[in-house]
């Protein structure tokens with residue numbers, strides 16, 4: 001309880017500082033408030049006065065519609081569609097308060113997850129209790145602080161649904177878990193990343209009620225009634241969300257907003273995934289090709305040599321990547337995890353491990369991935385990290401690199417002190433090693449060296465680079481270095497999670 005109150009006080013104390021700078025997402029959600037409040041439903045997904053058009057599923061649009069009726073008591077002018085980039089003090093106050101208030105869903109979800117953690121026998125020290133450590137890791141996740149309270153989004157509210165759904169499955173309340181996830185999908189479709197884990201797990205471990213003695217599936221135990229129950233839950237939520245737009249014949253328009261495949265392979269700032277490594281490899285090959293006179297610089301696409309981090313990225317040496325290629329790569333990356341929970345279910349924790357691999361596989365190989373999507377893996381991994389030393393080591397690498405990769409979201413000079421404090425917190429994540437008592441360090445020596453390398457990266461990007469002549473010639477270089485360096489850690493964590501999945505038959509070393 002003390003941790004919750006302290007966190008709320010910290011968020012409120014940030015008002016004076018973080019509201020001086022508004023991210024594009026701040027205007028995105030203000031515009032969505034205006035659209036849903038001022039326009040009829042039939043125009044929600046057609047309105048394009050602002051470039052930040054409504055591109056979340058309909059259930060989130062209804063969520064904005066509800067918020068708008070509270071917002072009108074703060075400042076009605078924020079609800080005018082034509083008031084682009086409107087940021088009156090009352091508007092800022094409402095937007096920030098709305099995030100804090102909806103974080104109550106996340107806080108409740110953390111409480112439910114802590115109830116599912118396997119506690120150590122005979123441990124009386126609260127610092128050694130996995131449930132306490134889990135509460136700290138989730139409630140004080142500064143990735144959420146960056147993306148929600150500085151950059152401005154409602155991820156805490158959405159992750160609350162995800163964690164609450166996971167908790168319900170850990171508690172064997174599968175219908176409730178399915179309902180919560182169906183609601184989440186209709187709030188933000190990025191959670192399609194983990195939908196395969198839900199679908200296969202519920203079919204295998206809920207619709208089939210028994211296994212054979214050797215652990216194989218008993219086909220005769222299939223329950224049509226359970227499948228109908230699941231289908232009814234998912235179908236009802238989707239009908240509630242999309243039904244009005246289907247009735248108006250607007251489903252194609254809504255889907256075109258949800259899946260804008262005309263955007264480039266990478267976001268403006270490369271997410272730290274396999275495509276960042278692929279892009280940098282292409283740039284290295286281009287540079288070598290030009291210097292060895294194997295390539296003519298004048299014939300190369302401009303972005304490959306001078307454009308930096310752009311959305312439309314055309315490769316010069318390596319084959320260019322299309323949406324279909326990313327889809328195939330993503331499916332192949334999650335296939336072993338999906339097959340694992342079908343043939344070796346492993347209960348709800350096997351499902352949770354599959355969910356993590358689906359999240360990371362989609363992050364690693366997806367099309368136009370946002371850097372913030374790394375939190376879909378970091379937050380659920382916290383649950384496994386407090387129960388297993390191996391998972392705790394993976395968690396330290398993933399959470400440190402994943403969170404550091406979010407730092408470019410706060411890029412103004414005024415926010416440098418915030419980044420410095422967060423950097424210290426990032427590196428101090430190794431304190432988890434002492435909280436989760438054990439005779440051996442959670443990190444291998446090379447892993448520790450890699451994480452300490454983030455200090456070098458931060459110093460070079462935040463202090464050295466702004467004072468160098470490269471700032472004018474290569475303004476995108478700090479973003480590129482950050483993305484590529486963090487990509488190594490995220491890729492390593494992904495591979496280690498897969499190794500742990502293949503070794504799951506062995507009894508894990510407990511904390």
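Every residue, even glycine, has its Cβ placed from backbone N, Cα and C.
So that you can see what the record holds, here are the features copied from TrEMBL:
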TRANSMEM  93-110  transmembrane segment
TRANSMEM  131-152  transmembrane segment
TRANSMEM  178-203  transmembrane segment
TRANSMEM  224-247  transmembrane segment
TRANSMEM  321-343  transmembrane segment
TRANSMEM  350-369  transmembrane segment
TRANSMEM  406-427  transmembrane segment
TRANSMEM  448-470  transmembrane segment
TRANSMEM  476-499  transmembrane segment
Highest Cβ pair tally under 8 Å against the transmembrane segment (476-499), stretches 93-110, 224-247, 350-369, lands on 350-369
Quick tally over 93-110, 131-152, 178-203, 224-247, 350-369 of CB pairs under 8 Å to the transmembrane segment (321-343) gives the top stretch as 350-369
Under 8 Å Cβ-Cβ from the transmembrane segment (224-247), and at least six residues away from its ends along the same chain, one finds 41, 45, 57-59, 62, 175, 178-179, 182-183, 185-186, 202-203, 206-207, 209, 253-254
Checking 131-152, 178-203, 350-369 against the transmembrane segment (93-110) for Cβ pairs under 8 Å, the most are found for 131-152
Spatial neighbours of the transmembrane segment (178-203) not adjacent in sequence (6+ beyond its ends, CB under 8 Å) are 56-60, 63, 158, 161-162, 164-165, 168-169, 227, 230, 233-234, 237-238, 240-242, 258-259, 334, 337-338, 341-342, 345, 350-351, 354-355, 357-359, 362-363, 366, 370, 373, 376
Other same-chain positions with a Cβ less than 8 Å from the transmembrane segment (350-369) and lying at least 6 residues past its termini are 166, 169-170, 192-198, 200-201, 205, 260-261, 263-267, 271, 273-275, 311, 323, 326-327, 329-330, 333-334, 336-338, 340-341, 344, 376-377, 380-381, 383-384, 490-491, 493-494, 497-498, 500-501, 504
